[in-house]
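Asker: Below, the features straight out of TrEMBL:
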type: TRANSMEM; residues: A:12-35; note: transmembrane segment
type: DOMAIN; residues: A:72-288; note: domain 'ABC transmembrane type-1'
type: TRANSMEM; residues: A:76-97; note: transmembrane segment
type: TRANSMEM; residues: A:109-130; note: transmembrane segment
type: TRANSMEM; residues: A:150-170; note: transmembrane segment
type: TRANSMEM; residues: A:206-230; note: transmembrane segment
type: TRANSMEM; residues: A:236-256; note: transmembrane segment
type: TRANSMEM; residues: A:268-287; note: transmembrane segment
Amino acid sequence: MRAEALGRKYDRALAYTLILPVAFVIFIVIGIPFVQALYLSLTNKTVGVEPAFIGLKNYVTILSDPDYWKVLRNTFVYMIACVAVKLVLGMILAVVLNEKFPLRGLFRGIFLIPWGLSGMVTAMTWRWIYDDTYGILNSLFMRWGLIDTPIPWISGIHIALVSCILVDVWRGIPFFMFSLLGGLQTIDRQMYEAATIDGAGWTRQFFGITVPSVMPVIAITALLSCIWTFNDFENIFLVTGGGPVHASAVISVYTYEVAFLQNAMGKSLAVAGSVIPILVVMIIVATRRLNTDA
Amino acid sequence: MRKAFSAIAIAAMVSFIAAGCASGGASSGGDSQGKPAAAGAAGQQPKAETPKEKGKFVFWDKAEYVAAYNDDMKAYVEKWGQSNNVDVTYVIVSPNDLKTKLLAAIEAKNPPDLIVGDDFLLKQFIAMNALVPLDDVVNGADLVPGAKNYTVTGGKYFLAPEAFLMGGAYLRKDVWDKHNLPVPKTWDELYQQAKVVNDPKNGFYAVGFPLGASGGGDAEGMLRDLILSFGGSIVDKDNNITVNSPEVLAALKFAAQFWQQGLTPASSTTWDDTGNNNAYLAGTVGFVLNSGSIYSAAQKDKPELAKNTLLIPKLAGPKGRVVLGSGNAFAVLAGGKGTDGAKKFVSAFLGDKPHYTQLVAKLGGTWQPVLNGAQDDPFWKDPNNASAGWLDQINNVVGAGNYPGPEDALGAKSKSMQLVTKTVQRIVVEKMDPQKSLDQLEKDLKQLYGK
């Protein structure tokens, strides 16, 4: 009994010893800049000038700025739409690729390509595809007689964000597909055979067996994707630049604009800091989910 | 066993941390390449034994649309470095990234020593006390008067001119001829003709006007020129905000028509400064306003397009035409280690007229020269050089982006923030009432100027 308690004590000591250097590094490279950023969000910091403490003025300013609310709304629309569409399409593809058919391996490889491409290459390519003067999308639609005049994919106030969502979905589906495929492969085939004998159809089997079995994978994949999509910068910045008139701008792009085009570092850090509570909640939920699954 | 393993692990970890600290301590006197720190080296080695300390400076140069410039400048500055015992690090930076990178470098207290960029962009760094005065360099160079007009700030020179980027209009003569239209001289003529040549169903737009707000200068420059030609102004000569006037409102409404009537590609509301270049070179627009960069690119890659292109002066409005100067400029950053070397190099560059003259010619009309006498080069006398027609403008430059207000950091910031571009964007994209959008512009300007 005593030896067991002693063993636990050593285990704990070993664990803390191993964690300590990592925690130290994290504190240096993340903790200190994070605290400093929070402090600077309470100042009038601009580049090259010493900051002066102004309390919550930056937060009050951004909360009364209609652009901030527009951008925050865009961020949620972008995150929810991207994750929902990627989840649905990723699940469909995962189910299809879980079946046995000729050249299945080849298709799995092909579907992985968008995920493997550099974000910059993807965004620039899509910007070219969307262009209303020499882009291939409008050219094809016009040739097929579907439209008379080009669709302003990246400049239409109601469509620019949708265009960015499509790019993110195109690029992100493989992550969902392969995560869910991994989950599907762990489901015991006998469950489906038993369900078939009991007379359950495909739909019943899908919602009664498949979805509950991969629910932990769905939850963690969706949560991680929510965090990544919420912070996405390059896709929107490179496809539309957040324009026109912030129609497709999200928090990260707006933060960049305030920081570097307006040179208002304190205000930009307040913009970034204002969404920390939302991210913290998502991270806590994701971490709990991971711990539960473990 | 477990106890022994724990002990070994803890010992190893402590040693690892201790080793890290020790190595940090040992290297704290040197840089990341393991070279000894300057102070330490100076302390250990008497100065007399050092033959002559080699200078160095870091040069961030703007990526020009004509790549031959950057190749030439790299070779030139490196050769100058060798002759003057200076190590030069030459870095090419995209103009769209220049401001961001420079802000980050200044904040990190690691700015380059010398930089070339657009004048309106560099002027914003004066208020931060980030630039070294260059009055001696500018006054020592043989410059045309207009060059001083676009680089002066509050009566002082923190920028030294490198080249004008005056530009003008590009017109597809073949398209205009097909419709028997004369060459437009005024904005109104252009607008009337644009309605005739516009053919979006076949992928051709009459004009290619940028309206993106991603930090470039083309859209803002065009709109400010338009406002002046309508008799309006952003500020008066004392920086009082005068933007909310019938003239400016008329100019904004006039500009918005090009988007509202589909005379320019819809995507131009998100274009950066390469947007109109690309559209014209792709043959999808018939008229653009730009510097000579399109002409030199067309000559090289699209000779047929170059042949069908007419280069004409900027258009006049109801109140005539005001010629504002803009261009590339040198700036030397304060706090750099190679400030002296950088200043010497700029003086040497502006003092080497033969090299400068051939460099300007190499850019094929993208630049207009800032040095007296360079415009006498055969390049500008060649009857086949369509860009030569723009050269006269450099003698009529009355000011830069903040005209008729003083050329100061606030004016440069207002131009850089593209407040007028955003005003037209609101009218075009959000369908906001023009007067309401103008009221918003006035509010933004008053906030910026502290009025």
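Glycine too: its Cβ is placed from the backbone N, Cα and C atoms.
In the displayed structure, how are the listed features positioned relative to their neighbours?
Answerer: Long-range contacts of the transmembrane segment (A:76-97) within the same chain, counting only residues at least 6 positions beyond its ends with a Cβ under 8 Å from a Cβ of the stretch, are 104, 107-108, 111, 161, 164-165, 168-169, 172-181, 183-184, 206, 210, 218, 221-222, 225-226, 229-230, 232, 236, 250.
Within the chain, the transmembrane segment (A:109-130) has long-range Cβ neighbours (under 8 A, six or more residues past its boundaries) at 93, 97, 136-137, 153-154, 163, 166-167, 170-175, 177-178, 234-235, 237-239.
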Asker: Taking A:150-170, A:236-256, A:268-287 as candidates, which has the most Cβ pairs under 8 Å with the transmembrane segment (A:206-230)?
Answerer: A:268-287
Asker: Which of A:12-35, A:236-256, A:268-287 has the most Cβ pairs closer than 8 Å to the transmembrane segment (A:150-170)?
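Answerer: So the stretch in question is A:236-256.
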Asker: Let me spell it out: take the transmembrane segment (A:268-287), skip the flanking residues so only those 6+ beyond its ends count, and list any with a Cβ under 8 Å from a Cβ in it.
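Answerer: Distant Cβ neighbours of the transmembrane segment (A:268-287) are 37-38, 40-42, 45, 58-59, 61-63, 68, 72, 75, 220, 223-224, 226-227, 230-231, 251-252, 254-256, 258-259, 262.
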Asker: Taking residues 6+ outside the transmembrane segment (A:12-35), which of them lie with a CB under 8 Å of any CB in it?
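Answerer: For the transmembrane segment (A:12-35), there are no nonlocal Cβ contacts.
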